[in-house]
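Per TrEMBL, DNA-binding region is recorded for 29-72. Sequence annotations record features per position, and here TrEMBL assigns compositional bias 'Polar residues' to 301-315. Residues or ranges marked as domain 'Homeobox' by TrEMBL: 27-71. Residues or ranges marked as domain 'TLC' by TrEMBL: 74-275. Summarising the annotation, TrEMBL assigns region 'Disordered' to 283-327. The transmembrane segment annotation in TrEMBL covers 83-103, 123-142, 207-226, 246-267.
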Amino acid sequence: RFIAKPCAINLGIQDSGPHRAQPNAILEKVFTSITKSPDGKRLEGLSKQLDWDVRKIQRWFRHRRNQDKPTTLTKFCESMWRFTFYLSIFFYGIRFLWTAPWFWDTRQCWYNYPFQPLTSRLYYYYILELAFYWSLMFSQFTDIKRKDFLIMFVHHLATIGLITFSYMNNMVRVGTLVLCLHDASDFLLEAAKLANYAKYQRLCDAFFMLFGVVFIVTRLGIYPFWILNTTLFESWELIGPYPSWWLFNGLLVTLQVLHVIWSYLIIRTASKALVRGKVSKDDRSDVESSSEEEDVTSNSTKGIFSTSSNGSNRLNGHVAGSQWTGE
């Protein structure tokens, strides 16, 4: 309200929504009471009832769906908040972990376990991260709706479960490594969205490509060979199969499965960007095209990055057709 909105206005982002559908009592009743996306049979019936062309009715429903979507200004403010948090918490984590022995030797995560001290800096790092992911969990139901809602919901559940579980079991050393690793790429995605909303396309593409590289390196490279290696093998070797070993590693492996899914979406968007010359739209977006030519075919030309990660990033969150519109 006091920082993001003035920045958006200074960048020329207007608080104006999409094209509004013309008032029509019959179509409005169908939209609110029956369906927001009528099938062919219902479209034909409405066409005869109103003496409207079917394509005109399709456009009306598309405009009606889009007018409930958040404005670019709203999405800019949301992304700026997430960018600020991700960037701040990432540098806080790096600064804290740089002097931590387990950052350089993951076996230190298990030496003398579970009798490891919980310092105030480590405590605040954990509490800040936990509070933020709880906020994402609740706000997901009221924020911009995205196609990867279920994936992000599972991600938030797994993340909150891991943070809470590792804190209760004093596995905070390896927990800080997981948190810092995940924060490494999130702020880059939010930066790409901010550039996109401000219509700095080249900057948007550069940030997105950088995000893709960092995401794949950290989530498909460092995470399995550094994090999962120490939780699956080094912990087993040093402290044995403790009672909650299966649950803890099950949640970590669940995150890795989500990483693979998101990496596929990112690679697909990046490959299309190389062909088209710009980053394509987020496939997670629910915002429909407003062009007059596309109606039924609009679903086949949607892209990936609207995010959640959402959207993604959210993707949290945390990626394919026309120019991507970010979260």
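Here the Cβ of each residue, glycine as well, is placed from N, Cα and C on the backbone.
Mapped onto DSSP classes, the DNA-binding region (29-72) shows 30 helix, 0 strand, 14 coil. Tertiary neighbourhood of the transmembrane segment (207-226): same-chain residues 106, 177-178, 181-182, 184-185, 188-189, 191-192, 195, 255-256, 259-260, 262-263, 266-267, 269-270, 273, 279, 305, selected by CB-CB distance under 8 Å and a gap of 6+ residues from either end. Here the domain 'TLC' (74-275) returns a mean pLDDT of 89 for the predicted model.
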